[in-house]
Amino acid sequence: MSILWYASGFSGMSEREEKSRLFDATDSLVSSDALVLFGATGDLVHKKIFPALYALAKRGILSKPVVGVARQPWSLLQFQQRAEDGIKSSCKIDDRQALIHFLSLLRYVEGDYNDPGVYLAIKQVLADSRRPAHYLAIPPALFATVIKGLGESGLADNARVIVEKPFGRDLASARELNNIAKSVFPEESIFRIDHYLGKEAIMNILYFRFANSFLEPIWNRNCVASVQITLAENFGVESRGEFYESAGCLRDVIQNHLFQIVALLAMEPPAYRGYEAVHIEKAKVFKAMRPLQPEDIVRGQYVGYRDEQRVAKDSDVETFCSLRLFIDSWRWAGVPWYLRSGKFLAATAAEVLIQLKPPPQKLFADSAPENGRANYLRFQLSPRFVIALAARVKRIGKEFVGEQHELDLLYKQSEEDMPYARLLADAMAGYSVLYTRADAIEAAWAVVEPVLKYHESVIPYYPGSWGPEKSDTLIAADGGWFNPKLE
Ligand code: BG6
């Protein structure tokens, strides 16, 4: 079966058009008739999910009950106020009617996920709903409890489950979680979320690579010297100290968000038109990644992290991580991939640099690499959407000297990008193309597995820096880090 390319969210289609397009894709998909939000009073729901649902309400494609579940003994009114507050703090309320409509869809159930009573209460509130989608915006340690609770109470019947990342905390726990989820839900009803896959700029990587023909001849070990990806944030762990203590940067963003970007950059062309083919090629990339060794990674911790709330005074958890990765495939043999991410760095930005090799002969005195970088391709994913190709051109004059200029193929302020709106709409419609598959997640864990336990202690770094100096040493042989361009 060939699944058509399709992405919901901000496609601008009406609900009817969207449904008919979806049913074009496969006629067996039936929409969920309620959304149950576990972890409804948490940060993620406040910051990302309420604004996303409001965006869907504005587009007229949210008409089903949204049931919040959490431990707090809140009234429905309190829950509605919290929702409104979440929306206001992330976007402008420019459609009062849509807001009122969204708030009217909210329900609230209080309870402990270990208590079977909570699932009965959800059932009562769901009333006539027969095909709910359960979204687990809860600490990973509770995923299994809730999935089992859903199964035992009958709430999993005809239902879907959307599981937040990190999916597991190592290979064994990811496998176990996959087994538990599959013992309760059929695979096509399990949606493992990585919100990066719903981002406009990330989807553009896939499009840019395979909608153009000029890249393919250079997109390999013959022309690419190295690849580097930076995901930097200029703020700390904020109120998420407890979560961070159980995760750290490698588990929080590298094994998932950054690896997904690597997979899109490194994959072979999909063999046919359809996202299933993309999943197949991405999984192969994870399988070809060489498992990391302690000397491939640098772990840092910002000065002040140990004073954050719910953080151990002697914590060895990394808030910064950089690493060197190899993909042992025909295309990428010998090409190092450098990834880095961290909290409290010098900027908030995400950028990819494909560093091309210098010309084989140094015909001009100012040629790379002695005189700066060789040509490169740069994708800024945030705060702007940029795709730029850097090439040297001669300066006017007698001398054969020049400089490197960037040709902007795309240069835009990033627009309101709500990956969660796209992803939740897709999951409720049963459309899983932008979700990650079990085999890919397990293969990605296998890559980081060796360094989860065996690694050097964290190295302190100052907030506002680019992490520990040792991270610069890691990439020194390949021209050093390229800090995201923000001007
Ligand atoms: C989340 C991580 O998955 O991604 C956060 O848990 C991180 O620590 C966030 O800040 C980054 O996402 P975005 O969309 O803000 O780049």
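FYI, residue positions are counted from 1 along the chain as it appears here.
Yeah, the Cβs are placed from backbone N, Cα and C, and that goes for glycine too.
The annotation active site, proton acceptor is assigned in TrEMBL to His257. Here the Cβ of His257 (active site, proton acceptor) has 22 other Cβ atoms within 10 Å, regardless of which shown protein chain they belong to. DSSP assigns His257 (active site, proton acceptor) to a helix in the three-state reduction.
For Arg71 (NADP(+) binding site), the same-chain residues lying six or more positions away in sequence with a CB closer than 8 A to its CB are Thr41, Glu110, Gly111, Asp112. The feature NADP(+) binding site is assigned by TrEMBL to Arg71, Lys165.
Look at Lys343 (substrate binding site): DSSP puts it in coil. Counting every protein chain shown, 26 other Cβ atoms lie within 10 Å of the Cβ of Lys343 (substrate binding site). Under the heading substrate binding site, TrEMBL lists His195, Lys199, Glu233, Asp252, Lys343.
If you look up TrEMBL, you'll see 36-204 marked as domain 'Glucose-6-phosphate dehydrogenase NAD-binding'. Residues belonging to the domain 'Glucose-6-phosphate dehydrogenase NAD-binding' (36-204) score a mean pLDDT of 96 in the model.
Marked as domain 'Glucose-6-phosphate dehydrogenase C-terminal' by TrEMBL: 207-479.
Ranking the binding-site residues Glu233, Asp252 by C-beta neighbours within 10 Å puts Asp252 at the top. The substrate-binding residues named in the record, His195, Lys199, Glu233, Asp252, Lys343, extend over a maximum Cα to Cα distance of 20 Å.
The highest number of surrounding Cβ atoms within 10 Å, among the binding-site residues Lys165, His195, Lys199, is found at Lys199. If you measure from the Cα atom of Lys199 (substrate binding site) to that of Lys165 (NADP(+) binding site), you get 16 Å. A distance of 8 Å separates the Cα atom of His257 (active site, proton acceptor) from that of His195 (substrate binding site).
With a CB cut-off of under 6 A applied against ligand 1, the binding-site residues Arg71, Lys199, Asp252, Lys343 are reduced to Asp252.
The secondary structure of His195 (substrate binding site), as reduced to three states from DSSP, is helical.
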